[in-house]
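Novice: Have a look at the structure that comes next, please.
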Amino acid sequence: MLKELRNIGIIAHIDAGKTTTTERILYYTGLTHKMGETHDGDSIMDFLPWEKERGITVASAATRCFWKGNTINIIDTPGHVDFTAEVERSLRILDGAVVIFCGKGGVEPQSETVWRQADKYQIPRIAYVNKMDAVGADFFRVIEQIKQRLGSNPLVISLPVFKEECFSGIIDLIKMKYYTFAGKLGNDIAEESIPSEYTETAEEWRSVLVEKLAETDETLLDLYYNNEEIDAGLLSRVIRTNTVSGNMVPVCCGSSYRNIGVQLLLDSIVDYLPSPLDLPGSKAVIMETTETINIMPDSQDAFSALVFKIINDRHVGRLAFARIYSGKLKAGTVVFNSSKNKRERVGRLLRIHAEHREEINEVAAGDIVAIIGLKDIGTGDTLCSENFPLLLETIDFPQPVIQIAIEPKNQAGLDKISEALNRISAEDPTFKISYNKETGQVLLAGMGELHLEIVAERLAREFKLDFNTGQPQVAYRETIGKSAEQVTRYVKQTGGKGQFAHVVLRLEPGEGFEFINRISQGSIPREYIPAVESGIKQALEEGVLKGYPVVNVKATLLDGSFHEVDSSEMAFRTAAFLATRECLKKAHPRMLEPVMRLEIVSPEEYTGNIINNITNRRGKLESLEMENHTQIIRGCVPLAELFGYSTVLRSLTQGRAGFSMEFSHYEERHLAS
């Protein structure tokens, strides 16, 4: 039943305890009989070799478990900024999220990033303050940070209890009960009266909870004003309504590593996060009419699904992970890839549990599945019924910001490296490949040094390739500053059939890449239009200034003509390519460089030195914030100025400061700078 289905993601800053929490969830729901640990390298969700060795999540991993009659599809995502695209693609297809915060670290830089991503997709969420056993953990400070830094409306539903300064249990503010988790693995849950020393605090926070909820529900408001007893079931229903609407974020606490509170978190997931039926549906465009409609999760409707992840499995080949939005999908049936205008036959359907697979025959609306057998498939593609072709909203990914050059140790290895890189780039939309024609080097572009380090490791270990790598470089981009038009007639006459294509093209500044066809009355036959778009895209792969990819361009095909005999797809592709190159020269080409958002945590006495250094690196200071005698400095600095910054910061602060950075935006860089 869809009502009992939850599609959720676990998202957080690195080391907040995402994978540890997921491992406990799998154990308590009976899916596993042993708790894996990231520090021991035996966690079920981090099953890739480089994840086990580093103790971090690199790729999002899916699993499915059951709790109190509900089915929970879980996607555990990376916390490292280099792999933020994994969070992006996961949130696009999920209905809810658990955002984990470290009880000591609170709202950290990547916490803010994943929160913004969840806001972008309007994902209802629960906050879980983890690591309450850590020295320096402060539950109420984290609540305040969630409110102030994230602009959220936190609703505290549980309180931590400490005995002799040790985290010992949790007060449930809805039931007004105290819970302890005994036994080595926290299996023995005891429900007790609230300890006397916590009674006053619990009653205060219970009043805050009821007051906030009463503002949104008349029945609750009447009971509250009349001092009548309030049923826990009513509170839960009102909390659910406010969570699903995004009005409030329930906050609970625990220590996953110490096995305290995870069962209560599971209760909150099924009680407060939405089922597919609770949400307004997913937008789609009907291809025939370009009308925008809402797709509801009805298994009786026409089939539609969005592919959100591709992996190459050594046992079964290419696996396409998809969220089913409507209808049903059966193994062996033919589907229509509306993003590529192609028919595809589905081979087998699999349920995924980390690296383990379970074959199924059918999947229905609202669920998540892995598909084997799709040949020409990419992340963000829509699969649908050929009788009702439509396009679901795709997934936006950030541009790569850093690149390295690699060279095979012998020429024979170049083809093997190219094949391996193409397989990796099919899996990872933020990983790009290009070739330097002058040096013969292969350039790999990604979101950060760790991202590219993992790619290089995969090439060596998974594909058994031998190569040299260069130093990291900035992945610059080019764009245009004004509109330009070009008329190009491509005519080539040889002994036999000639080539002819005539295009009138306009380029102007835009967002991303957009192609518009303004051809009317058949001056260019419809079958040649895709070739024109292909030629434009090919020309944008290398800019006219320094050969970097060109971004943020809107291309409009205004007019043209053809020859009945000599015109061909190749002729129009070539004409569009040449026209685009000429347009780029006339449209005030400009260089763009990636700018990073920097956060530095330092003792106060080094603030002046750090700010001066940021300014000297062409940086812009955004904010200063004091917290527990520690200065938090935030600003934006071009990536080109940040190579080796960790060494510089150590020198400036005698090793007492730390920093993190994430991609912010691209901005113009003058060639003289």
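Just so you know, glycine gets a Cβ as well, placed from its N, Cα and C.
What Swiss-Prot lists as domain 'tr-type G' is 3-277. Taken from Swiss-Prot, the feature GTP binding site applies to 12-19, 76-80, 130-133.
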Novice: Of ALA12, MET132, the binding-site residues given in the record, which has the fewest other CB atoms within 10 A of its CB?
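Specialist: Comparing Cβ neighbour counts within 10 Å for the binding-site residues ALA12, MET132 gives MET132.
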Novice: In the three-state scheme derived from DSSP, which category covers ALA12 (GTP binding site)?
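Specialist: Its secondary structure by DSSP: strand.
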Novice: In the structure shown, with every protein chain counted, which of the binding-site residues LYS18, HIS80 has the densest set of Cβ atoms within 10 angstroms of its Cβ?
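Specialist: When each Cβ's neighbours within 10 Å are tallied, LYS18 leads.
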Novice: In terms of DSSP three-state secondary structure, what is the assignment for LYS18 (GTP binding site)?
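Specialist: For LYS18 (GTP binding site) - judged by DSSP and reduced to three states - the answer is helix.
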Novice: According to DSSP, which of helix, strand or coil covers THR77 (GTP binding site)?
Specialist: coil
Novice: Given the model, what does the mean pLDDT over the domain 'tr-type G' (3-277) come out as?
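Specialist: A mean pLDDT of 90 is what the predicted model shows over the domain 'tr-type G' (3-277).
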